[in-house]
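Per TrEMBL, these features apply:
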| type | residues | note |
| --- | --- | --- |
| ACT_SITE | Glu67 | active site |
| BINDING | His66, His70, His76 | Zn(2+) binding site |
| DOMAIN | 1-146 | domain 'Peptidase M12A' |
Amino acid sequence: MIKTAMADYHKLTCIKFVPRSSSDQDYLYFNNGNTGCWSSVGRVGGRQEINLQSGGCMTKKGTVEHEMMHALGFLHEQNRADRDKYIQVNYNNIQSGRENNFEKAKKEYADAMGVTYDYRSVMHYSPNSFSKNNQPTIEAKVSVIP
């Protein structure tokens with residue numbers, strides 16, 4: 001699944017992933033630890049881990065692409081500073097301790113640079129992400145065409 005995700009980047013973007021050489025000090029390291037799907041946001045220097053737990057993380061190419069985007073410096077779409085124009089975050093439905101996944105980023109830290117809000121971005125959470133009661137945690141303020 002990792003190679004398939006990388007192939008998509010190569011085909012659809014200007015990003016190219018190359019094998020690590022012995023002289024490379026900074027590199028991505030794909031791990032399948034049992035701690036879920038995660039990556040640091042942006043370059044950390046040295047070995048940069050992208051954790052893709054076997055099972056859940058490796059069943060969807062979009063999940064792999066999502067974590068790779070974090071490593072490249074991308075935040076979640078629903079964390080954009082201008083997100084309140086596009087979505088309603090229902091904090092009452094969010095699992096305790098998971099609220100940080102829905103915090104707005106400061107514009108000076110994460111400027112969208114005029115790019116339109118993308119409900120279908122691989123970086124956008126699904127409507128019921130981290131729901132404690134099966135009710136939506138994220139609702140679109142405008143109709144999204146299927």
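Including glycine, each Cβ sits where the backbone N, Cα and C put it.
The binding-site residues in question are His66, His70, His76, and the one with the fewest Cβ neighbours inside 10 Å is His70. Taking the C-alpha positions, the distance from Glu67 (active site) to His76 (Zn(2+) binding site) comes to 10 Å. For the domain 'Peptidase M12A' (1-146), the model gives a mean pLDDT of 93.
His70 (Zn(2+) binding site) falls within a helix when secondary structure is assigned with DSSP.
According to DSSP, His76 (Zn(2+) binding site) is assigned to coil rather than to any helix or strand.
Same-chain residues with CB within 8 A of the center of the His66, His70, His76 CB atoms, the Zn(2+) site residues themselves not counted, are Ser39, Val41, Glu67, Met69, Phe74, Leu75, Val122, Met123.
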